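Okay, structure first, notes after.
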4 protein chains.
Amino acid sequence: MGKGRLEAFSDGVLAIIITIMVLELKVPHGSELSDLRPLLPVFAGYLLSFVYIGIYWNNHHHLLQAAHHISGRVLWANMHLLFWLSLVPFVTAWMGEHPGSQAPVIVYGVVLLGAGLAYHWLTTALIGVHEKGSTLEQAIGRDGKGWLSLLLYVAGIGASFLNVWLSVLLYTAVAVLWFVPDTRIEGRLGKGG
Amino acid sequence: MGKGRLEAFSDGVLAIIITIMVLELKVPHGSELSDLRPLLPVFAGYLLSFVYIGIYWNNHHHLLQAAHHISGRVLWANMHLLFWLSLVPFVTAWMGEHPGSQAPVIVYGVVLLGAGLAYHWLTTALIGVHEKGSTLEQAIGRDGKGWLSLLLYVAGIGASFLNVWLSVLLYTAVAVLWFVPDTRIEGRLGKGG
Amino acid sequence: MGKGRLEAFSDGVLAIIITIMVLELKVPHGSELSDLRPLLPVFAGYLLSFVYIGIYWNNHHHLLQAAHHISGRVLWANMHLLFWLSLVPFVTAWMGEHPGSQAPVIVYGVVLLGAGLAYHWLTTALIGVHEKGSTLEQAIGRDGKGWLSLLLYVAGIGASFLNVWLSVLLYTAVAVLWFVPDTRIEGRLGKGG
Amino acid sequence: MGKGRLEAFSDGVLAIIITIMVLELKVPHGSELSDLRPLLPVFAGYLLSFVYIGIYWNNHHHLLQAAHHISGRVLWANMHLLFWLSLVPFVTAWMGEHPGSQAPVIVYGVVLLGAGLAYHWLTTALIGVHEKGSTLEQAIGRDGKGWLSLLLYVAGIGASFLNVWLSVLLYTAVAVLWFVPDTRIEGRLGKGG
């Protein structure tokens, strides 16, 4: 089964998710620079989520590049990932409109956690359709960065009971962690040809 | 006539349909977890429709993979399918905002039925442009699963006069039925090379 | 210059245009079948515009298939066509919300006329980058159907001063005229190989 | 690393940006031609921004065509460009709803400046992954047009303190400047093969 349409469909969904988030930046009624001030938390949330979707697109791009074939299970693992990511605009808007509130920060973390687990399952499903010791499997390795991210999401959710800004800091830390694209695969692909 | 752009355009439309549905999840005014409770029926509807669009994308992907060429009639059969699917966000939102009401459940069923028939016609149009006994024709076979789905949609529409939740159960049953991608085509493609 | 991205970008824009039109079908507040009745004119307009965008996509698909290369001028001629088509959701919604009013019917006709002229210029620009007597040029020929459409749009705009439903009838006639994909190109491509 | 998905994702995002801008053209409540008059500034802003996004798509198309490979840094430089462009619908709407106000004109200029700088960085990142003296590097050359644009954006922002229409004129001048696609690359590609 070819991976072309899986990539095209995922590109489409991710492009839409990343773009409709900007619709939450509601045009202010006033025309002064100061009228943009109430939008700052929404804008900050947009920036963080834009980087997150960008990271997922980058990693998805690297992951699929290392894959040679897919399966029905991979299609659904991918759809499951897109489901979680499709909730990002909703939670971003909720968090942006209630800066400092705990519940949106928790739900934001849960959605990131869901997406993180979904990505992990997609990786596992992809490795499963390749031979043992494939470039893909070697490239992913033990996936320490993936596990650390999941841990930081859980920590972020827990931290919201102390201070919601600590949660936001932890979520941002994961984004920084992944900002550099997945050099594991890039390296392997470079070596392997 | 190449099938590349047919796939690309369909991917685009399906990606947008599946993503704009999430816009119906209106950000709540409050910032408590309990403020999300009224959204639960909308969310459940979103989940069901997401799986439905996912199923259509998966099956479309398998169907077109088995096809070698298309025709003007296939282009319109495909457009017709996309038309019915484009109504899914509307009926999902209507059903989600009126949980337990009969009319939205009926209209949801009618849209699913329309999409199901349109998919059947697309299949027929595709088989029509291939030689007799093609991989595609063999793979589709008698299409028992397709006919059963149409029957279940009709049953679901009828059941709404007894109990709308029975209808929702029947619609969900069809989704479960198709959750596994179309192994008929996958099998044939695997065997045929 | 490759035509791949021109096709991909146009597919994306047309997919979005055709899909966001459905957002004008606002979910009714009531939950009765009769609550859908006020939506009927909007729905009828959606259907007509869906078919129109479908026709443009089909013809664009045929046109580009016959083209072998493009130019900067073609890129802008294409962008110009997309601009007019991007106005279709707006005029569709305006017409749907004011059934029987003259101004929306006129503006709808003007947008169709603009798109029709833009398509004609795109065709001319494409023929211009191909050698004389190319498959593309022969396939387009004298483009009687194209000119007839432009005439019917003008007639439709004029007819609105007598009866707006006559205008709608004329616009629908053009859609029916083009419903069959451009067999000129399909025929030539089939013969030419 | 292949450039196919980078192009596809960018096409998707740009197609959505260019299309959702039309959603700011809110359907008027009245049904007279005169009811469209208040929309004129919004429409003018839409037209300008449509041309801008069209220019970016054209230049992006030319730039990537001259590129043979990409890198993780290029992926992020591209994402950074898309981020600035994703803000165009917001600032276009703000400016269109407050014609003659200074703040929206300044912010519009800042977003154009951000996008212009991001495009410059993308160019630099792309040249960085190609060998010295590549077609790409020669084609870009000293990029006088790029620098002039940045200068005009800054001038436009400054001019808003005198007269906002002077700013709009300067922004429009940049659009006119780029309307012709990047003939530098087209020329080189034509010569180089």
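All residue numbers here begin at 1 and follow the chain in the order shown.
Any Cβ shown, glycine's included, is placed from N, Cα and C.
Curation does not apply to TrEMBL; its annotations are automatic.
According to TrEMBL, the protein has these features:
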TRANSMEM  B:9-27  transmembrane segment
TRANSMEM  B:39-58  transmembrane segment
TRANSMEM  B:70-94  transmembrane segment
TRANSMEM  B:106-129  transmembrane segment
TRANSMEM  B:150-180  transmembrane segment
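Within the chain, the transmembrane segment (B:150-180) has long-range Cβ neighbours (under 8 A, six or more residues past its boundaries) at 48, 51-52, 55, 59, 100-102, 105-106, 108-110, 112-113, 116-117, 120. Packing against the transmembrane segment (B:70-94) from elsewhere in the chain are residues 1-3, 6, 10, 13-14, 17, 20-21, 24, 42, 45-46, 48-49, 52-53, 56, 60, 104, 107-108, 111, 114-115, 118-119, 121-122, 124-126, 128-129: each is 6 or more residues past its ends and has a CB under 8 Å from a CB in it. Among residues of the same chain six or more beyond the transmembrane segment (B:106-129), those with a C-beta under 8 A of the stretch's C-beta atoms are 52, 56, 59, 63, 67, 69-71, 73-74, 77-78, 80-81, 83-85, 87-88, 91-92, 94-95, 136-137, 140, 143, 146, 149-150, 153-154, 156-157, 160, 167, 171, 174.
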